Structure formats: C-alpha cells, structure tokens
Amino acid sequence: MVSQQQIEAIGGVLNNKERPLKERFRALFTLKNIGGGAAIEAISKAFDDDSALLKHELAYCLGQMQDAQALDILTKVLKDTTQEPMVRHEAAEAMGAIGHPDVLPILEEYKQDPVVEVAETCAIALDRVRWLQSGQKVDDSNPYASVDPSPPTAGDKSVTELKAIYLDAQQSLFDRYRAMFSLRNLRTEESVLAIAEGLKDSSALFRHEVAFVLGQLQEPCSIPFLQENLEDRLENEMVRHECAEALGAIATEDCIQILNRYAEDDKRVVKESCVIALDMCEYENSPEFQYADGLAKLDATK
C-alpha cells in the first residue's frame, strides 16, 4: 500500500520545475500507476506548468486512470483557451477515455471549437461515450494496456478491408480509428505498413494518433515514416512530438541518432519530446524493471 506521504513526495517531484523533465515524467507515470484521489490531486496541480508537453501528458494519464474524480480538472483544462491546443485536445480525449455520460454536454459544446484538433477530438470522444452507452460488445484483443479513443472494428476483416476504411477520408474519424486499432491488434508487418500510410492524412489529429499507435507497435519497419514526419518542419508540432516519442519506444540505434539530431529543435514541444524519447530509449535498452520508477527512487533516498 502506498502512503499519502509517498504520493505527496512523488507529486513534489512532478511539480518541481527545477527537476529534469524526464524525472518529472517518470514521477507522473508512477502516480498514474498508483491511482486514486490523492494521485489525481498531485497530477492536477501541474496544469499551471509552462511545458505544453508535460501538461498534455498529465491529461493523457488522467484519462488512462479512468477515474471520474478527474473530470472536473479535465473540463477546466478543455474550457481554458489559454492552454495550448495539444493540451486541450488531450483533456477532451481523456474525458472520452473515462467515458462517463456526464461529459456529453461539454463535449457537444466544444465539438464546435475553432481549434480543429480540439473539435475533432470532442467528436471522437462523444462517439466513444455513446458507443459505451449503447452496450455494444466487441472482441477487443488489445495487447496493450491502453484505453483507446475507440474500440476496434467489429467482426473479422482483412488488412485490405480495414485499410480501405482507415484511409477513407469520407468515413467518420471514430470509424477510421476503429479500423486503425484493428490493424494495430493484428501486429503484422502488413498491418503496420498500412497504418504508416496514415501519416500522410490531411488531419493533424489523425496523423498524431497514427504516430502514437506506431510507438505502441515498436516495429522498426515504421522508422522511415516516423522520421519523415519528425523531420518536416512544416508538420504540426503535435504530430512531430508523437513521432519523436514513437521513435523513443522503438529505441533502435537509428532512432537514437534521429532523436539526438532533433533534441535541440527550435520548437520546444519537439525538443522536449526528443529528450523524453531518449530517456525512453535508455530505459528500453537497459535492465531497468520499470519506467515509472518514482517509488523505487523514493526508497533509494531513504
């Protein structure tokens, strides 16, 4: 059992702007794994930080915790137009991940947001909550511990059939996401390469989710596609950030070289993402037991 004192100490690391960002990230993921009201409170305090990357990750973790106690802070962040688009988008996605019907009116309102990534995210989150309410069941063979923005497509479809839905801009983003998660769950080279084609889509939100999924898959065949979007300085920084973190998860020598080249990028979100991704590379290539090592570090300081 983790004590209140331990949670406060880990929250202290997360909220200490003097600590390296990679340490604060590890503290955040430790709090996510601990869960509960005290961890949510500690995470919520960091939304006044000046790092959009960190705040976006706070919202992501609150969504993955699937605890309705986080809905108030997430609603506040979504409504706050002084927050960066990637932070507001992640707050909306987190509300969809928690899936409580109380979020429907606020998501409906912000589905018309002038920031396209926020509006699109609210539309997908609405579809997810309504899908949950419908009581439909789907064989979700998600091999990852993530709460996804949509369930996979129902029924057994081939890669060709799924790819046709996935790349069809006339389909709703929710249905395209469903096809993407079905392709991900197949975990074949053919399905990974089909997913990688989505990095050319016209929607920045879609491209960023594609990069996230490629990071989950950790397949080296996707490296050239992720590299191309990361290196494109005209690409949306939310997408470049997600490409960097995906390369960090794949963690080959090539990935490390690419990330080192962009660790001093003039876009802060990209630069910080490369730093975090290099820390992830270090973890993936080390005998370390756990990335979210905040508790172990606390014990080591005793």
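Any Cβ shown, glycine's included, is placed from N, Cα and C.
Sequence annotations record features per position, and here Swiss-Prot assigns repeat 'HEAT-like PBS-type 1' to 23-49. Mapped onto DSSP classes, the repeat 'HEAT-like PBS-type 1' (23-49) shows 24 helix, 0 strand, 3 coil.
According to Swiss-Prot, the repeat 'HEAT-like PBS-type 2' annotation covers 54-80. Sorting each residue of the repeat 'HEAT-like PBS-type 2' (54-80) by its DSSP state yields 24 helix, 0 strand, 3 coil.
Summarising the annotation, Swiss-Prot assigns Fe cation 1 binding site to H56, E57, H89, E90 and lists sequence analysis as the type of evidence. A 10 Å cutoff on Cβ-Cβ distances gives H56 (Fe cation 1 binding site) a total of 26 other Cβ atoms nearby, all chains included.
Tertiary proximity for the repeat 'HEAT-like PBS-type 3' (87-113) is limited to same-chain residues at least six positions away from its ends with a CB under 8 Å from its CB atoms, namely 47, 52, 55-57, 59-60, 62-64, 66-68, 70-71, 74-75, 77-81, 119, 121-126, 128-130, 132-133, 147, 149, 205, 238. According to Swiss-Prot, the repeat 'HEAT-like PBS-type 3' annotation covers 87-113.
Under the heading repeat 'HEAT-like PBS-type 4', Swiss-Prot lists 175-201. Helix, strand and coil content of the repeat 'HEAT-like PBS-type 4' (175-201), in residues and according to DSSP, is 24 helix, 0 strand, 3 coil.
According to Swiss-Prot, the repeat 'HEAT-like PBS-type 5' annotation covers 206-232. Under 8 Å from some Cβ of the repeat 'HEAT-like PBS-type 5' (206-232) lie the Cβ atoms of residues 144, 146, 149, 173, 176-177, 180-181, 184, 187, 189, 192-193, 195-196, 198-200, 238-252, 254-255, 258, 262, 270, all in the same chain and six or more residues away from its ends.
According to Swiss-Prot, the feature Fe cation 2 binding site maps to H208, E209, H241, E242, an assignment based on sequence analysis. Taking Cβ-Cβ distances under 8 Å and a sequence separation of 6 or more, the neighbours of E242 (Fe cation 2 binding site) in its chain are H208, E209, A211, F212, G215, S273. Following the DSSP three-state reduction, the secondary structure of E242 (Fe cation 2 binding site) is helix.
Sequence-distant contacts of the repeat 'HEAT-like PBS-type 6' (239-265) (same chain, six or more residues past either end, CB-CB distance under 8 Å): 53, 86, 199, 204, 207-209, 211-212, 214-216, 218-220, 222-223, 226-227, 229-232, 271, 273-281, 284-285. Annotation comment: Swiss-Prot describes 239-265 as repeat 'HEAT-like PBS-type 6'.
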Residues near the Fe cation 1 site, H56, E57, H89, E90 excluded, by Cβ within 8 Å of the Cβ center? A52, K55, L58, A59, Y60, M86, V87, A91, E93
Which ones in the same chain are close to H241 (Fe cation 2 binding site), with CB under 8 Å and 6+ residues apart in sequence? L53, M86, H208, V269, V270, S273
Given the Fe cation 2 site residues H208, E209, H241, E242, which other residues of that chain have a Cβ within 8 Å of the mean position of their Cβ atoms, reported in sequence order? R207, V210, A211, F212, M238, V239, C243, E245
Sequence-distant neighbours of E57 (Fe cation 1 binding site) in its chain (C-beta under 8 A, six or more apart): F25, L28, E90
Helix, strand, coil residue numbers for the repeat 'HEAT-like PBS-type 3' (87-113) per DSSP? 22 helix, 0 strand, 5 coil
